[in-house]
Amino acid sequence: MKNVGIISLGCHKNTIDSEKMLAILKEKGYNIVNDENKADILIINTCGFIEDAKRESIECIIEMGKLKKHRLKYLIATGCLSERYNKELLKELPELDAVIGTGDFHKIAEVIEKIEKGKTVLEYGHANLLNDEGIQRILTTPNYYAYLKIAEGCSNACSFCIIPRLRGRYRSRKMEDILREAEELVKKGVKELILIAQDTTKYGVDVYKKFMLPQLLKEISKIDGLKWIRLLYAYPDSVTEELVEEIKNNEKIVKYIDIPLQHSHDEVLKRMNRNTNKQKIEEVISRLRSIPYMVIRTTFMVGFPGETEEEFEDLKQFVKEKRFERVGVFTYSREEGTKSYYMKPQIKKSVKIKRQQELMEIQKEISYQHNLSKVGKQLEVLIEGFEDGIYYGRSYMDAPEIDGVVYVKSDKKLKAGDFVVATITDAYEYDLVGEY
């Protein structure tokens with residue numbers, strides 16, 4: 001029995017693809033290992049979204065290729081970098097035995113059979129297909145939460161983004177398939193389902209000819225044993241009144257939304273081809289703020305081609321005024337194959353980094369004030385672990401890996417996956433401390 005390992009880089013959609021590949025291989029009789037040093041076959045599920053992600057993926061391939069001097073026999077690259085650079089990867093990285101694009105990962109077992117016969121395999125170019133339906137998953141997340149992909153690909157045409165080329169056009173999954181998977185995950189012990197897609201709010205537009213996310217949320221919430229539903233990757237132009245009402249009135253949906261806004265200035269939004277403007281964004285924020293205790297996470301991009309000091313100042317004022325609970329700030333990455341690649345003037349790297357730091361400095365104080373307002377109040381916390389004599393976990397305000405944590409002091413015996421109501425005693429810029 002051969003040992004197979006997988007390293008999953010990039011986004012949560014990649015995580016799900018990795019989990020499906022593991023399930024396919026386990027069913028074929030392969031032994032799954034977490035330690036790459038024990039692997040006979042190693043899969044690297046790459047990210048190719050921005051320059052830093054590409055670099056990380058390539059460095060990982062080169063580093064893992066060194067294991068071929070020892071036990072490792074075959075090295076396979078899958079994911080977005082493979083879809084984007086396919087033939088180039090095989091040519092430039094001789095460590096690789098196979099390259100598989102985003103629409104072909106379900107062929108992983110066949111590919112391994114071919115490389116074991118001495119063939120070098122290249123499979124790509126099918127990013128527009130939705131051909132992984134019904135494949136089981138081996139969860140790589142803790143057993144109490146899981147990501148649930150509701151759609152694949154993207155039909156937005158943001159001028160800075162390569163994703164439509166790497167993941168294909170937007171394809172919603174059928175509601176019955178999503179619900180079946182959600183039920184299976186909850187049966188396995190999952191208490192929090194985190195809904196993801198390139199754009200969760202457009203769910204259903206292609207298949208059902210209308211926005212169906214509110215209905216999907218309603219149906220998922222009927223699953224017994226499910227505690228939290230969390231929504232990531234919402235787009236501002238598709239946040240409807242119906243969706244806001246569903247979030248507001250459905251007890252299982254945490255009052256949290258991740259909604260990448262990218263910028264506040266109309267001219268920058270126009271150059272980004274974001275299909276919205278500042279006024280519409282403000283209306284969406286106002287609608288979301290009508291939900292009691294709502295937490296809004298967003299991301300902004302600084303240093304987009306042509307971003308003037310005036311436009312950046314507008315963004316700074318916007319962040320100060322809107323006081324988002326959670327903010328991520330990225331510097332623009334110039335990517336071949338995007339419209340913005342050819343835009344002028346391109347902003348110097350030093351200016352981009354300076355703007356990123358300025359914006360994060362503003363947000364740091366806002367985040368601290370938000371956290372300070374929780375002191376003395378009670379928060380439900382999902383316990384995730386125990387370290388240095390203290391428990392830690394997440395409240396409804398925190399998505400895994402990207403947000404802060406709540407440290408919980410307790411004499412009681414708690415385990416990962418437990419929900420407790422903690423009294424908050426202290427606050428930091430991104431984390432809270434409580435007692436139970």
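Just so it is clear, glycine is given a Cβ too, placed from its N, Cα and C backbone atoms.
[4Fe-4S] cluster 1 binds Cys11, Cys80 as Swiss-Prot records it, and from the list Cys47, Cys154 the residue named for this site is Cys47.
Of the chain residues outside the [4Fe-4S] cluster 1 site list Cys11, Cys47, Cys80, Leu9, Gly10, Lys13, Asn14, Thr46, Gly48, Phe49, Ala53, Gly79, Leu81, Leu166 have their Cβ within 8 Å of the site's Cβ mean position. The Cβ of Cys161 ([4Fe-4S] cluster 2 binding site) has Cys154, Glu335, Thr338 as same-chain neighbours under 8 Å, each 6 or more residues away in sequence.
Residue counts for the domain 'MTTase N-terminal' (2-117) under DSSP (helix as H, G, I; strand as E, B; rest coil) come to 63 helix, 23 strand, 30 coil. All protein chains included, Cys158 ([4Fe-4S] cluster 2 binding site) registers 20 other Cβ atoms within 10 Å of its own Cβ. Neighbour list (Cys80 ([4Fe-4S] cluster 1 binding site), Cβ cut-off 8 Å, at least 6 residues apart, same chain): Gly10, Asn14, Thr46, Cys47, Gly48, Phe49, Thr102, Leu166, Arg167. Taking only the Cα positions, the spacing between Cys158 ([4Fe-4S] cluster 2 binding site) and Cys11 ([4Fe-4S] cluster 1 binding site) is 18 angstrom.
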